[in-house]
Amino acid sequence: MSDVFDVIVIGAGPAGENVVGRVTRGGLTAAVVEQDLAGGDCSYWACIPSKALLRPMELVAEVGRQPGLSVGPIDVPAVLARRDEAVSGYDDSGQVRWLESVHGTVIRGRGRIAGPRQVEVTAADGGKRLLTARHAVVLATGSTPVIPRVPGLAAADPWLTKDATAVKEVPARLIVMGGGVAACELAQALHALGAKETTLVVRKDRVLERTEPFAGEMVTASLREAGIDVRFNTTIEKVERPVPGSEVTVDLSDGTRLTADEIMVATGRDPGSADMGLPLIGLPDGAPVAVDDSMRATEVEAGWLYAVGDVNNRSMLTHMGKYQARIAGDVIVARVAGAPDDLPSMRDRADAMGSPQVIFTDPHVCAVGRTEERARRDGFNVRAVEYDIGLVTGAYLQADGYKGRAKMVVDEDRRVLLGVTFVGPGIADLLHGATIAVTAEVPLDDLWHAIPVFPAVSEIWLRLLEAYGL
Ligand SMILES: Cc1cc2nc3c(=O)[nH]c(=O)nc-3n(C[C@H](O)[C@H](O)[C@H](O)COP(=O)(O)OP(=O)(O)OC[C@H]3O[C@@H](n4cnc5c(N)ncnc54)[C@H](O)[C@@H]3O)c2cc1C
Ligand SMILES: NC(=O)c1ccc[n+]([C@@H]2O[C@H](COP(=O)([O-])OP(=O)(O)OC[C@H]3O[C@@H](n4cnc5c(N)ncnc54)[C@H](O)[C@@H]3O)[C@@H](O)[C@H]2O)c1
């Protein structure tokens, strides 16, 4: 097998796979080096299994909001079996088949930069192989979990999010450290699946700190209503687990001591750039790889290195990593061909505008663009309007006592949307309309003519525009 390829991609997660797809479509040869499972964290330990675990909780809550309907207890083994199916039994042969179908070469092992355009691959048996890229190397190595330095925490061998999404036996008593997206989603899912005593330990005074404040408040209310103990302004001071695999004891800054069957850490992620040989090419070890809007590393001479997905830390989201991958792949093909490499589709605009995200708790938190606070910080002339989604007829028909809130943040100088947030049950797919409006900077006077159907929840658009004054 040749050790020279036009493009070498390190990491076959969603971002890496999409680079391979785009560059081979453009006629280049590509190798992708993967140390674990092709498909990456998203397919096996993050997006896919977490959503498979959340859906039953969501459906139970939905049924509870419909008079005349009831649902029995969740069949947990059946839910876990469906999760296993969703992750293809942790078997990546389907993803490998896809990569091969687009003429990518999959190379198993750990990749490391060995010099300009060179990647050393260490196989599981320790064997080494040096690959050379004619044109580009693309880092798509994802991210790794942060484990805070708390006395006894690492020694207690805590669950990371991947242990939670791969759960085989749900712990009856669970402590969750963190107040971000992963902590909220997984606390809610596991609680519904049997973690009856779940405590969420949040060091700040709110959860979901990058979203509009009402989003965190509504998710907190829902977690508490379900019976989850949410503690704000609280840190974990000490963790003890004298017998591996047995119960764990946690001392909190509020003076209480908790005992649980498991502790899960969900306190953010570092870019996967540590020990990748980056200092050899003048980049710091372990830092996000800074890229320009074509995804080319800005600090590397001769422009042969690109970085897409979590590793560049623009937005740690699958769909954004895939978007960046499409850009990088097309730019590389264009640059090799000497064709224009700056078409509008070849530059990342969406990350800087505020990437769309859905947090799949009940209620869903759907946001795109800037929050009001961020828009003001960025110096825009801002006006924000809010509306109670529960007042929309479509929402009333969807659920008894529907609780939801919407907000749009307007740039008053241009009368376009800077950001939109919807919080409410079952509304993930409402977000895409907002993503179009924010990204395409559709003027409010044009949005006025985009009529939402009656009686659907999307009528919230009309109510927001009316609240604004149209
Ligand atoms: C619990 C959880 C739930 C999430 N849910 C969502 C969600 O619902 N929606 C969403 O958009 N995002 C979600 N995310 C974020 C999402 O998982 C990441 O943004 C996404 O996986 C990033 O894709 P990636 O290709 O950059 O990295 P990854 O998916 O992490 O893939 C990187 C790949 O590179 C490989 N690799 C790393 N280093 C090397 C090396 N040196 N050599 C060879 N191979 C290497 C890894 O083995 C891995 O396969 C979630 C994250 C978590 C933790
Ligand atoms: N539905 C989705 O889109 C989805 C779901 C899960 C995760 N993700 C993504 O995966 C990434 C990782 O998720 P995450 O929730 O771990 O990260 P996050 O950045 O969303 O949240 C980290 C949380 O940990 C807290 N924290 C940080 N250091 C701490 C410390 N030392 N002690 C106590 N608390 C601490 C922060 O205050 C924050 O509440 C994020 O980028 C997230 O957007 C996305």
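The backbone N, Cα and C atoms fix where each Cβ goes, glycine too.
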Among G21, G111, G282 - the residue TrEMBL places in the same FAD site as K51, T141, G142, S143, D310, M316, L317, T318, H319: G111
Of the candidates G94, G104, G268, G272, the one that TrEMBL places in the NAD(+) site of G178, G179, G180, V181, A182, A183, C184, E185: G268
Close recorded positions near T318 (FAD binding site), where close means Cα within 10 Å, chosen from C47, G178, G268: C47
Shortest C-alpha distance to G180 (NAD(+) binding site) - which of the recorded positions C42, K51, T141, S143, M316: M316
Contacting binding-site residues, sequence order - G178, G180, A182, C184, M316, T318 vs ligand 2, Cβ under 6 Å: G178, G180, A182, M316
Spatial separation of C42 (disulfide bond) from K51 (FAD binding site) - C-alpha basis, Å: 11
Cβ under 6 Å from ligand 1: qualifying recorded positions of C42, T141, A182, C184, M316, T318: C42, T141, A182, M316, T318
Cα-nearest neighbour of A182 (NAD(+) binding site) within the listed recorded positions, C42, C47, T141, S143: C47
Spatial neighbour of C47 (disulfide bond) that is closest, considering only the binding-site residues S143, G178, G268, M316 and their CA atoms: M316
